Amino acid sequence: LPLLLEATLLQLASGSHHPFYNGFYYNHIMNDKGKGQEKVVYFNGAKLVVETPKDPVYSSNGANVTLPCHYHYEPDLEAKRKIRIKWSKLRDDYTKEQDVLVAIGKTYMAFGDFRGRAHLRQAGQREASLVISDVRLQDDGKYRCEVIDGLEDESDVVDLQLQGMVFPYQPPHGQYRLNFHEAERVCQEQGAVLATFNQLFQAWSEGLDWCNAGWLADGTVQYPIRLPRKPCGGLHLAPGIRSYGPRHRHLHRFDAFCFCSTLRGEVFYLDRPAGMTLEEAKQSCQDAGAEIARVGQLYSAWKFLGLDRCDAGWLADGSVRYPITKPRANCGPAEPGVRSFGFPSKGRFGVFCYKER
């Protein structure tokens, strides 16, 4: 108690701001003895150290993943201690962190979308690793592992990256018609989520070149350019990600960059000699025990399952597309990709269906 009181008085007298991480957990006390040197005093006599992997942890949609986190003391403390562990997810727009899980001993509680999917793996001594089952697209991101021992509070960050791909999306009514919230919704409707900057950067490094600006998950608007040209920022600029910065989430309108991951099922093609209308296509998929595929599902099947079909087919959003992994005559450009016929109001085509395994 006298030590706490001394620390509080020193704080008030100096006006300085030392790290009080949770508003009431003191990490350490800095005692200035007037000789230009600071002495760190730990309440339990040992330094608490939290360690997580520096490299990203990779996973995929529907998988189970473990985010490693361990802690120890310097010097080591042999006595068994009552530790509180907290996991949180850092948001892309740097707003308040999302609570994932808190635990004391073997008692824990998960929050929000992580309820029923997250628990601690405490197989080893002083382990605080987080296990997430049935990984979802929105789980991609950075997670903070925080270990609290009485008045000591230390943390480190784990980067979870999902294997997936980014695709640009325009709605049926044309270019630059989506505000941020509408962009979030259309990506979800197509079996995807709004892409993060890191996901867009990865797609750019793999060859994505797209001259239309689109929303990202952090509320910024950007677009990837591999071949500089006059309509896309000018010839004088180097290749890279062009940015409009943060935009007004209700008033400003752009396209969207969506992110999809691996599939839990399969995409297959159905056709009739005379083709089908959109409504007939939906019914054909239902008759086959499936549903009409979404845009994100077609991209995933093309990217991760090598789907190659030189026949145009309906998708759930009313667009007509086809995937090409091996470019050839009469199947579009010389590069692999998902070709689009747009959103025809008339016409008869085949259909791409999706069925869960």
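Cβ atoms are placed via backbone N, Cα and C, with glycine included.
No curator has checked TrEMBL annotations; they are predicted automatically.
According to TrEMBL, the feature disulfide bond maps to CYS211-CYS232 (among others). Long-range Cβ proximity for CYS232 (disulfide bond), meaning a same-chain Cβ under 8 A and a gap of 6 or more residues, is found for CYS211, TYR223, ILE225, ARG242.
Sequence-distant contacts of CYS331 (disulfide bond), defined as residues of its own chain at least six apart whose C-beta falls under 8 angstroms from its C-beta, comprise CYS310, TYR322, ILE324, ARG339. The disulfide bond annotation in TrEMBL covers CYS310-CYS331 (among others).
Marked as domain 'Ig-like' by TrEMBL: 47-158.
Shown for the domain 'Link' (165-260): DSSP residue counts in helix, strand and coil, namely 22 helix, 30 strand, 44 coil. Residues annotated as domain 'Link' in TrEMBL: 165-260 (among others).
Per-residue confidence over the domain 'Link' (266-355) averages 97 (mean pLDDT, predicted model). Residues or ranges marked as domain 'Link' in TrEMBL: 266-355 (among others).
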- Message: Around the C-beta of CYS211 (disulfide bond), how many further C-beta atoms are within 10 angstroms, looking at every protein chain?
- Response: 14
- Query: By DSSP, how many residues in the domain 'Link' (266-355) are helix, how many strand, and how many coil?
  - Reply: 21 helix, 26 strand, 43 coil
- Query: DSSP helix, strand and coil counts for the domain 'Ig-like' (47-158)?
  - Reply: 6 helix, 58 strand, 48 coil
- For CYS310 (disulfide bond), what is the tally of other C-beta atoms lying within 10 angstroms of its C-beta? 15
